[in-house]
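Listed in TrEMBL:
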{"type": "REGION", "residues": "133-157", "note": "region 'Disordered'"}
{"type": "COMPBIAS", "residues": "141-151", "note": "compositional bias 'Basic and acidic residues'"}
{"type": "ACT_SITE", "residues": "Thr163", "note": "active site, nucleophile"}
{"type": "BINDING", "residues": "Arg191, Val192, Gly193, Asp194, Thr214, Gly215, Asp216, Gly217", "note": "substrate binding site"}
Amino acid sequence: AWRVLELGGSELDAVERGCGQCEIDQCDGSVGYGGSPDESGETTLDAMIMDGNTMEVGAVADLRRVKNAIGVARKVIEYTKHTLLVGESASLFAVKMGFPYEDLTTQKSLSLYSEWLNQSCQPNYWKNVVPDSSKSCGPYKRREVTSKEEQTSSQRSVHNHDTIGMVVIGVSGTVASGTSTNGAIHKLPGRVGDSPIAGAGSYADSTAGGAAATGDGDVMMRFLPSYQAVEYMRMGTDPTVACQKVISRIQKYAPNFFGAIICANTTGSYGAACNKVPGFTQFHFMVSSPLLSRPTEQVVDCI
């Protein structure tokens, strides 16, 4: 992404290229093809890209058999008046835009799926069903809910889920952002997380700044954390403090959630914050800027 900017590319070009490289590299096994198989063993992709000048958003969710999800999301901005395309129809749109159909399954994702089946489908995302979803693969039927069940700790952890999230600030203060992920491993088919949702997975506004989130999208998307962080920065809040305030807000309702957020304002100041849970006490993120001779890893302690 930084190289694209140095060569004169736009902020959107940088976001698309950076996130797209992570899709190619299958970053952390949780971006791009060949990772995070759903309950039926299929890998599907979610991505979004946002232009902070025009406030246009292009997004795809539950994208099947097309590898370059962030590229398809960019085409949603360029060639449609829509914001979000989903499922099989998103794949058909991608083919019309010239993207090839490709198998997103690999030996690794097949292995992950087989291991999960052999462990009685643990963990999974069902509740209030019979047979007991903590011991069985189903098929499940709903059961009557007699009392509010105690909230369990987030099943998504630093070990099984992540997202590529990116905020780009141009030389004139123009902001763009984007995300790409293959979602939560063993999710129900059709599940869409926070990543392709504007204001949740990321948000960009060239009058204030940008933010991008990662973690337990089913919880985090309910709070629109990226939008909220940008609004805090609009009011003059330091990026680090803006990120921390967003995390603290979610903590009140879901103290055990796994998640983190990065924030950057139009002056180039940046920060990040994360929720402290067992096994996740620090958050690492990368920064490139004219003040740094090379891309540099930054670390923050979770709160």
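Quick reminder: no glycine exception, Cβ is built from N, Cα and C everywhere.
Caution: TrEMBL annotation is automatic and unverified by curators.
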Next item on the list: Quick one: of the binding-site residues Arg191, Val192, Gly193, Asp194, Thr214, which has its CA closest to the CA of Thr163 (active site, nucleophile)?
Entry: Thr214
Check: Among the binding-site residues Gly193, Gly215, Gly217, which residue has its Cβ surrounded by the fewest other Cβ atoms within 10 Å?
Finding: Gly193
Notebook entry, point to check: Roughly how wide, in whole Å, is the group Arg191, Val192, Gly193, Asp194, Thr214, Gly215, Asp216, Gly217 that binds substrate, by largest Cα to Cα distance?
Noted result: 16
Margin query: I need the least crowded one of these binding-site residues (Asp194, Asp216), counting other C-beta atoms within 10 angstroms of each C-beta.
Written below: Asp216
